[in-house]
Amino acid sequence: MAGAGYGASGARGESIVPKPLWQRWLWDTTDAERRVWEHKRGVGMQRWPFASWGLAVVMVIVMIVELVRMNSYTGSPIQTKPSFNVMIGPSGAVLINLGARFAGCMKRRSRRPTLPVRPLSFSSTVRPHLTHVSTGTMSDICGFGGFDIVDGPGGPDQSFRFFVPIFLHAGVVHLLLNMLAQCTSSGQVERMMGTPRFLVVYFASGLFGFILGANFALVGLPSVGASGAIFGTHAALLVDLLAHWKIEYRPKRKLLFLIVEIIVGIGLGWVPGVDNFAHLGGFLVGLLTSILLFPIVHPSRTHKLVFVALRLVALPLVIVVFVVLTRNFYTGDPATACSWCRYLSCWPTSANNHCKGTGLTTVTASSSTITSLVTILFSTFVLPLL
């Protein structure tokens, strides 16, 4: 490499291979000019997104388990009655039995909806509704050994449902759409951050998305999917862009496309059956944890001090939102803390009783599912090409 440029393995005549950028977060003695040069060329990025791919494999295996469980209950691996699951997957009740986020299985509450014995109904990509088929015990439908009584000691206590639903999906189509995003955009974030930090952002975002939904979503709506975790990685892309604004190529165009993608993703949260709380919660915590963990290239001392200040703010905020909302969920009725929050994921219509009650409805036609599928396909395949 001639002149004052940097070689692929070293700077200005050096032959030392530089440390990956994601390993320099705590202490980086590399000069600012060198860091900027490396960032523009992607030098030091992790070569393969091992976690993104590995998680995708695990989720495929879990999907197979879902289909096998559905087949053992109904004789068919996918729901066909009383309505066909266009996501090509099991019913909502099967997902609850396998660990979907569902408040009735997680805590004692007075507004617990009645669940069906036969897991036969589905109406969405991430929040499958249940159909009033017949009454059954909450313990049976929740599974995992159940619980002794409905209220009091020994009642519903399956708090692992904040975490497990990240690995569950409502059907093969839902899985493929999420894995496409995970293995591309989320995989790129993993390569930039490194696997350990990526996993913190990914799981913290997914976990908080389900915590937020458990607090304010209608209690009769179970929720599954990795959307919250993936949305958190989109927040990481925003942090990367804003932090490196002056050294990014065409940053305004990148910001415009990213904002459009985020707005569309949040807008989809008002489509019947889509869990907007997963999107909102995942994005919020993804933003905070990315500020804390993303390997930022600081071209100046002022730039570095700004991000030190942001990290000092982000750390307590992450702790506060997790602690406050987890504690709020285990109060009598967490939705009373914010009576209007339900509308962040529910557009009031006569079909959903204007977002009141439990959200447990009888489902016949699957037109809302088709609408969800079309909009998700648009956001997944069309927007990235703009």
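Glycine is treated like the rest: Cβ placed from N, Cα and C.
According to TrEMBL:
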type	residues	note
TRANSMEM	50-70	transmembrane segment
TRANSMEM	82-103	transmembrane segment
DOMAIN	157-295	domain 'Peptidase S54 rhomboid'
TRANSMEM	198-218	transmembrane segment
TRANSMEM	224-243	transmembrane segment
TRANSMEM	255-271	transmembrane segment
TRANSMEM	277-298	transmembrane segment
TRANSMEM	305-325	transmembrane segment
TRANSMEM	366-385	transmembrane segment
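Counted as Cβ pairs under 8 Å, contacts with the transmembrane segment (82-103) are highest for 50-70 among 50-70, 198-218, 224-243, 277-298, 305-325. With a threshold of 8 Å between CB atoms, the same-chain residues lying at least 6 positions outside the transmembrane segment (198-218) that come near it are 49, 51-52, 55, 101, 103, 106, 127, 161-163, 165-166, 186, 189-190, 226-229, 231-233, 235-236, 275, 277-286, 289-290, 293, 318, 321-322, 325-326, 328-329, 334-335, 337-338, 341-342, 344-346, 352, 355, 357-359. Sorting the domain 'Peptidase S54 rhomboid' (157-295) by DSSP state (H, G, I as helix; E, B as strand; all else coil) yields 110 helix, 1 strand, 28 coil. Long-range neighbours of the transmembrane segment (277-298) within the same chain, counting only residues 6 or more positions beyond its ends whose Cβ lies under 8 Å from a Cβ of the stretch, are 21-22, 24-25, 32, 35-36, 38-39, 126, 192-194, 197, 200-201, 204-213, 216-217, 223, 225, 227-236, 238-240, 243-244, 247, 262, 265-266, 268-269, 304, 307, 310-311, 314-315, 317-318, 321-322, 344-345. On the 0 to 100 pLDDT scale, the model's mean across the domain 'Peptidase S54 rhomboid' (157-295) is 90.
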